Protein chains: 2
Amino acid sequence: MDNTGYCSESFNSLQSGTSDEDMVEIAGATLDFSSTDDVPPLDRDYGSGGSYGAGDGPNGVPKLMDLLDEPVPGVGTYEDFNTIDWVREKSKDRDRHREIATKSKESTWALMKSISDAFSGWLLMLLVGLMSGALAGGIDISAHWMTDLKEGVCLNGFWFNHEHCCWNSNETTFQERDKCPQWKSWAELIVGTNNGPFAYIMNYLMYVCWALLFSFLAVSLVRAFAPYACGSGIPEIKTILSGFIIRGYLGKWTLMIKTITLVLAVSSGLSLGKEGPLVHVACCCGNILCHLFTKYRRNEAKRREVLSAAAAVGVSVAFGAPIGGVLFSLEEVSYYFPLKTLWRSFFAALVAAFTLRSINPFGNSRLVLFYVEFHSPWHLLELIPFVLLGIFGGIWGAFFIRANIAWCRRRKTTRLGHYPVLEVLVVTAVTALLAFPNSYTRMSTSELISELFNDCGLLDSSQLCNYTNVSITKSTSDALPDRPAGHEVYTALWQLSLALVFKMLITVVTFGMKVPSGLFIPSMAVGAIAGRLLGVGMEQLAYYHHDWVIFRGWCSPGADCITPGLYAMVGATACLGGVTRMTVSLVVIMFELTGGLEYIVPLMAATMTSKWVADALGREGIYEAHIRLNGYPFLESKEEFSHKTLAMDVMRPRRSDPPLSVITQDGMSVEEVESLIAETSYSGFPVVVSHESQRLVGFVQRRDLVISIENARQRQEGVVSASRIFFTEYTPPQPPNSPPPLKLRGIMDLSPFTVTDHTAMDIVVDIFRKLGLRQCLVTHNGRLLGIITKKDILKHMAQMANRDPDSILFN
Amino acid sequence: MDNTGYCSESFNSLQSGTSDEDMVEIAGATLDFSSTDDVPPLDRDYGSGGSYGAGDGPNGVPKLMDLLDEPVPGVGTYEDFNTIDWVREKSKDRDRHREIATKSKESTWALMKSISDAFSGWLLMLLVGLMSGALAGGIDISAHWMTDLKEGVCLNGFWFNHEHCCWNSNETTFQERDKCPQWKSWAELIVGTNNGPFAYIMNYLMYVCWALLFSFLAVSLVRAFAPYACGSGIPEIKTILSGFIIRGYLGKWTLMIKTITLVLAVSSGLSLGKEGPLVHVACCCGNILCHLFTKYRRNEAKRREVLSAAAAVGVSVAFGAPIGGVLFSLEEVSYYFPLKTLWRSFFAALVAAFTLRSINPFGNSRLVLFYVEFHSPWHLLELIPFVLLGIFGGIWGAFFIRANIAWCRRRKTTRLGHYPVLEVLVVTAVTALLAFPNSYTRMSTSELISELFNDCGLLDSSQLCNYTNVSITKSTSDALPDRPAGHEVYTALWQLSLALVFKMLITVVTFGMKVPSGLFIPSMAVGAIAGRLLGVGMEQLAYYHHDWVIFRGWCSPGADCITPGLYAMVGATACLGGVTRMTVSLVVIMFELTGGLEYIVPLMAATMTSKWVADALGREGIYEAHIRLNGYPFLESKEEFSHKTLAMDVMRPRRSDPPLSVITQDGMSVEEVESLIAETSYSGFPVVVSHESQRLVGFVQRRDLVISIENARQRQEGVVSASRIFFTEYTPPQPPNSPPPLKLRGIMDLSPFTVTDHTAMDIVVDIFRKLGLRQCLVTHNGRLLGIITKKDILKHMAQMANRDPDSILFN
């Protein structure tokens, strides 16, 4: 992997530069309380079990002294860019829980602690919701203000955005509430007038300059302080939730810089959204707040439960859709999602949504980003255009993913990647120059979507609503009948078509640059434009040809039979579905925007079509594609492993390789083990009874072994290179004059997972996915034969799909 | 288990009497195509793998001939009241899928078949949705009609219910649309008047008689034709979804009888609802429709995916809440819920909801059962009464579960259980006699809930809305201000209090009788009454004491500050939550009823409080309690296993027991194996290399072994008692004159799951849950030591919780 990759730089160069806040490596000095957590759970004294349990022999006592009273710092933790062992983490948590439950019976203080421990999860959720909601509100308000700053400034105070500026004005009417004397465009401020070509050029220039300034600031901040802050963050969060460790990815620096640069990037007018990055921001909040609670700080599995909930919170504040957010987390990003997390996510998502509402960034006390007011019914025949929109969305999604991945790969492999700042500036300049002349691209993308979603009321003054008012024959109470379009509508359609082409192309090069960038909003914009175009087309067709067979019976003159806003909504859903391959969560998010079940069938038809079409053109969604591009060890849980291979085809060593490196339970000296460690780079070694029998006893992690030996050499008297290492329960009496033995049963996992060599790989993959394993040992008739790691599986899958197995970079 | 148990009779007596439609046992005769599915997947020739694969030695050919070309019928299926092996089933399905995918490249016809196979899941979902929706519509209409029949009859046609009867009448006004001359009460019809004590007694008598008739019919039909049709069915469906087999539980007889008797039971006025049984009805539809598709007919795991979706459909049609239904299935009933199922469930739930709406059983084209029209805001201080309602709900839930389980246990163990018909008749008589005088218990429970949920409009004529109209000071457009209650409201409150006590007591004895009975509606009724009482109380308090500190500032005179209907809704949610311990799904169902996010916080506060309070008083929800009462082998996935035991403490054999019964891979004769089978009752045997080494080779199911030996004795020439059985890959040359060997490698599972004896039980439980195992072998240093089955785990858990381990009845 070279140094010029994707939006996050090469990992090797980053490992040292990140904050120590996150994915905390437990340093020796901080081990003051609950320190027994660091010992793998299975080495505890299971007194009640008792048949072969420790502690019933004379040697049980020294073992306890060696390892339980004085745990070796660092044992049981993970290195950066490594995969966690879910089973071990969950087991650790259960041990912890058990300990607290046992202690709670002893004293009132312990009982209080146990209760506070039980409620700490809820408290944490509350805090995550509050913090994310507040941050999202701040981002919304700042982005709104800075977007308007590109066009002008408020004389009452530069900190007012356009809308707020005119609220205080008495001279505005309801229809023209955006026009007021207090708000000055840059041309008005500088040359005193807003008319004429000179003023236009002045405004144009200021617009481009501000855009360049914002994007320059954004990319510089990202490069200088937090390289992880770029992109949408969802691919990395998916990987982290599946059990990977990227230190600093969810740290306080990333949070700060991402929050600031997100505002800058959105304000610069680049074709990107803030919805995806809000998920990253919420996850940072979750991760940072985890440090307040030992339960979550010390356990990677528990922490990931919080992060799953935080992802739900992110979508909840992005769209104002708490249920949709929870389903998004469940469907799209989470890996292990227990029911308890479902319930807590829901709570956190609600708290965040209501925090955001009380901040009221949109100034309309609405929870949702795009509020849809119409409730006019749709006809069954309209499913045909909806399905067409679905097909469009699917094709666009597949095209976008291919084009974007090709572009990102180009950035990784060519000189392009060496100039990220220049790249951002060029794209910003092109975007701003092309966007300004067209009013639909000049406005912010979310405003555009809002306008496209809206149905035209009688009072609407926008270009798109310039219909010829015909005398209304049937007086319906709320719905307006279909009317012929005025010439401004046709102008708007032309502008929208240009905007469509522009957005489709510019988004491809924008997503993946070194600034925070989400693609929910750009994708939705593409779909909404396409949908609105089709909707207006259908409407006019129905108006002028209401005698056609397809319109007869339901679309008589004077009836409101086509709602172009609904088409825009369906189109947006289809395109977003095509790009991300979301299904239920997408429909539910859209359902929450409308608040009624009326439109669920059109939305579902479009989503389904879009997913099928997109899947037919390319299996992966944009997030999976980026995960693969970056070589993360992510074991997709949606796709079935469909090959006929067996465990023995995947395991190492292959038949031509040297035999598996193992440690015997009582036969090796410190020196031998150290040379084994030095010669190999495996992350763990099986422990066997003897080389001859190859009967499996346990498994030790390389990291634990290194730390323990180092620690023993430093602290334990007499441990030298010739000392023998014992993994057995009872150490046989040593001959006199021999150095004291080193007992390491404590760091050995006594319950390694095994499968037989004849196990079908689909079952092995299932086990890895469901249990979250790092590795699994392979046996044949009870003898140890080899080992399969997550990386082996991913490489095997890559090979089976005719991809380069070396694209999987991490363990 | 004696013969007089719970609503479903003793299983032993039922196994023969059920339909052969369901959980189909593949009989030899039906094996015409795709018959290779019956061979355990791991015995296939994995040509591509190849290192030790079959087919590379001369003996590969006979093996293929023995087993692949002519699979033994019945191998790979399950016995009734047994647990399925999820891993095996899913592996089977993947093999099937692989085969179709490979074939599809060969011919167009195969490609068509492959496509139709891919879409069969969606088609099945569509059918399940349509069928369940139609059935639910039919049930709604019939139940409505028959409930009204207890009170009177329509002269225009006896098939009209009260409401429909009066629709056609011209003489009704909007306010009195329930009164029309065409509808005659029984007294009017018989004695010509509706006034006077005689007419009252007449109506009373007819009411009781009809109730007795309906309930007698219901219980007789259930006893005569489908004993499984009783109860709500949800505990059994949970168990079936977790991988248990109960033949006939979801069959066509159960469906028919349950549909009919559900209508009868609801109409009889018993304190029960149709919502739970609708889940059972929908699951029956799902199971029956599975028979149309080989993919689902032949695979227990795939079928359970359909059943999960069907459970969602059931709730969707019961409440008109498709999203809530899907979450109910996810949270409450399903065990293994892949994302694909989520998406399909959602589709099926929507189809069902829209089918139901087009049938329009409530006559108001609404999707939901209780449509709530008010949208008045609530104040933060109101959370206090909402939390109080939550506490009430939790206490009631815990009390109900204890009382009901105690009563059901009494029914099981005493003579009470011998007279199910009499029991139903007595309870019906008591219910009818006590219910008639009180108008709130006389009406159907869902009508009662509807009325309690509704806010009083100006035009409402019901007793509960008899407020004194004061002059309205502030003219608010839609919301009515709080008003003093009229004396009819006080009467209504008294009646409601009596109804509350009555419902609370009678529901305890009703749930679990031998008629279809759900408890969603009765629980909600209890909560709704309590909530409405509190709501009206609060309203009056706020009206008369609006100067109190707690009301000051938000509840000035003339403001509409308290909505009693909202309190009823919150109360209903709390009680339902206390009984079932649903969380997210409950809130979402309620959210769908109101269609807005306004009330989600009160609902959530009540649900959370109710769950915490109820959990503090007793861990189990009503369904889990009934599962335990019936001794089903259900491994709860919500509760953490929190004990410190190890695998060796749970495995069989115990230290004092005789050693594990094993089969050696090449050393045993047919006779020896047959005597082993005869002497033991284990459902499977490990195969080892030799008795001395105890190295594990594989695992054979008892059923497969029995069937194969029987089959070989009948069909394979020369196989006699002295024939040796080989589980090895290559059969050594036999001495001359010895009988031909029996090669059974084909039926052996070559990849049995193993754990070491030191594995903590919490990990073992996790593995069982997540992978859906039936059994797991225990090894120590590579030697086979014992076996743990699901039943062993459940017994161990029972023992740890100080319960009777023998209460677990099935494997």
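Backbone N, Cα and C define each Cβ position, glycine as well.
So that you can see what the record holds, here are the features copied from TrEMBL:
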- B:119-139: transmembrane segment (TRANSMEM)
- B:204-229: transmembrane segment (TRANSMEM)
- B:250-272: transmembrane segment (TRANSMEM)
- B:278-294: transmembrane segment (TRANSMEM)
- B:306-330: transmembrane segment (TRANSMEM)
- B:380-405: transmembrane segment (TRANSMEM)
- B:417-436: transmembrane segment (TRANSMEM)
- B:492-513: transmembrane segment (TRANSMEM)
- B:519-538: transmembrane segment (TRANSMEM)
- B:651-717: domain 'CBS' (DOMAIN)
- B:748-805: domain 'CBS' (DOMAIN)
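Same-chain residues lying 6+ beyond the ends of the transmembrane segment (B:204-229) with a Cβ under 8 Å from its Cβ atoms: 8-9, 14, 17-18, 146, 149-151, 186-187, 236, 246, 248-249, 251, 253-254, 256-258, 260-261, 264-265, 267-270, 420-421, 424-425, 427-429, 431-433, 436-437, 442, 513-516. Of the candidate ranges B:119-139, B:250-272, B:278-294, B:306-330, B:492-513, B:492-513 has the most C-beta pairs within less than 8 angstroms of the transmembrane segment (B:417-436). Counting only same-chain residues 6+ beyond the ends of the transmembrane segment (B:278-294), those with a CB under 8 A from a CB of the stretch are 21-24, 34, 120, 123-124, 127-128, 131-132, 135-136, 139, 232-234, 236-237, 240, 250-252, 254-255, 258-259, 262, 303, 306-307, 309-311, 313-315, 317-318, 333, 352, 516, 518. Mean pLDDT for the domain 'CBS' (B:748-805) in the predicted structure: 89.
Residues of the domain 'CBS' (B:748-805) grouped by DSSP class, helix first, strand second and coil last, total 23 helix, 18 strand, 17 coil.
Across the domain 'CBS' (B:651-717), DSSP assigns 24 helix, 16 strand, 27 coil.
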